[in-house]
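Engineer: Structure provided below as structure tokens; questions to follow.
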Amino acid sequence: MQIPGHIDPVPVPRAITPREDGRVDLLGLSRDQIRAELESAGLDAKQAKLRAKQIFHWLYHRGVTDFDAMTDIAKAQRPFFAERFVIGRPQVVEAQVSSDGTRKWLLRSDDGQDYEMVFIPDADRGTLCVSSQVGCTLNCRFCHTGTMRLVRNLTPGEIVGQVMLARDALGEWPKGTMAASDEDEDDDAPQYSPDGRMLTNIVMMGMGEPLYNFDNVRDALKVVMDGDGLALSKRRITLSTSGVVPMMARAGEEIGVNLAVSLHAVTKDVRDEIVPINRKYGIEELLSACAAYPGANNARRITFEYVMLAGKNDSDEDARELVRLIRHYKLPAKVNLIPFNPWPGAIYECSSPERVRRFSEIIFEAGISAPVRTPRGRDIAAACGQLKTQATKMSRAELDRLAEEKQAALG
Ligand code: SAH
Ligand code: SF4
């Protein structure tokens, strides 16, 4: 079957837009990159190393954006930094809070690209859903992001910036003084306490395919995991891929976070249709790469995401085949069943609740965990994979194209 759909858009690699005032934004840079910036600004190697370490800590551990707040840097030296550098944040276009506590932000880059992030609070954790690209090149047929033509990789600063902004919004930077400040010590300040925060987990499940922006995602997550900065454990970070097989081993080795795989179908025909990257890297290849994923074991299982599409991938037979595949490849796995979240122009419908329940039971009966993910933030269209929906008004041409595709797919 010829599957309708537009030609894959290509991400536009782009140099960081220089600021009009000529200053360099340090957000997203590693300690070494900050050191290199300080050296090119004229500091000698020893000074640059020391100041980079201090700035890194203020920037990522304390959430400071003003050099004047960096109390262990001599007052007289602070203007030197402020004249040459800034510590930025993504621009917030819109911030929404759902009745269930889910929050969604629409963000804008310096070159006017919009992307989103979502925060989902739960009883025992708070998960930030982070975007890796503006749009996505992969055109999964149930995913709204895949219909966006404009695609650009997000920079490490834009990826880390999402986490920083969430910490800002949740008011989660440690307060109080740090030891070893050489001036402006304030003995009355509250003691520093990093505990009890809401943002505990990160999932790379927003807009985009993280493994098609590998270097920036890796560099950003390294900054997020750095123990002297944001210090999120790799066990609390999950990267979701639609199945970019050649990059999966590197993801395990160079990033080492939990892996989620958007499987969504168990036969070649159906997966070719709904997750078109399957035509390049098939189910067998994908599951072999999962079996070889470094660090996967029973304590750290691979999550298979499975979006429930009525009459498409949700039969008892599909569920049994899923169990067979997981056993055949001896995968330490759990399955996340995701009720399909419709968007204007989508050609699928969500499976009925009874169907979802039965599908889940069959997998559970085989001893594999298969919870149904409750949709969150529906009133603000905050579901992962469905970002930017309400904020974007679709153009006439876009609506026409979707109608055309829908017609072709049904006919
Ligand atoms: N590109 C990566 C990560 C972003 S998508 C990937 O595909 O894995 C995050 C998850 O949301 C994926 O499992 C995706 O399949 C799912 N998703 C996308 N659109 C959806 C929709 N309309 N309803 C429910 N889940 C959706
Ligand atoms: Fe891209 Fe993931 Fe959406 Fe597929 S599901 S189009 S890979 S964002």
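Keep in mind that glycine also has a Cβ here, set from the backbone N, Cα and C atoms.
As annotated in TrEMBL:
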{"type": "ACT_SITE", "residues": "E116", "note": "active site, proton acceptor"}
{"type": "ACT_SITE", "residues": "C384", "note": "active site, S-methylcysteine intermediate"}
{"type": "BINDING", "residues": "C136, C140, C143", "note": "[4Fe-4S] cluster binding site"}
{"type": "BINDING", "residues": "G208, E209, S240, S262, L263, H264, N341", "note": "S-adenosyl-L-methionine binding site"}
{"type": "DOMAIN", "residues": "122-369", "note": "domain 'Radical SAM core'"}
Engineer: Select one residue from S240, S262, N341: among these binding-site residues, choose the one with the most other Cβ atoms within 10 Å of its Cβ.
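Structural biologist: When each Cβ's neighbours within 10 Å are tallied, S262 tops the list.
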Engineer: Near ligand 2, which of the recorded positions E116, C136, C140, C143, E209, L263 are found, taking a Cβ distance under 6 A to any of its atoms?
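Structural biologist: Result: C136, C140, C143, E209.
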Engineer: Between the Cα atoms of C136 ([4Fe-4S] cluster binding site) and E209 (S-adenosyl-L-methionine binding site), what distance do you get, rounded to the nearest Å?
Structural biologist: 6
Engineer: Roughly how many angstrom lie between the C-alpha atoms of E116 (active site, proton acceptor) and L263 (S-adenosyl-L-methionine binding site)?
Structural biologist: 23
Engineer: Give the helix, strand or coil assignment DSSP yields for S240 (S-adenosyl-L-methionine binding site).
Structural biologist: strand
Engineer: If you measure from the Cα of C143 ([4Fe-4S] cluster binding site), which of the binding-site residues E209, S240, H264, N341 is the nearest?
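Structural biologist: The smallest Cα gap between C143 ([4Fe-4S] cluster binding site) and any of the binding-site residues is with N341.
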Engineer: Express the predicted model's confidence over the domain 'Radical SAM core' (122-369) as a mean pLDDT, rounded to an integer.
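Structural biologist: Taking every residue in the domain 'Radical SAM core' (122-369) and averaging pLDDT yields 91.
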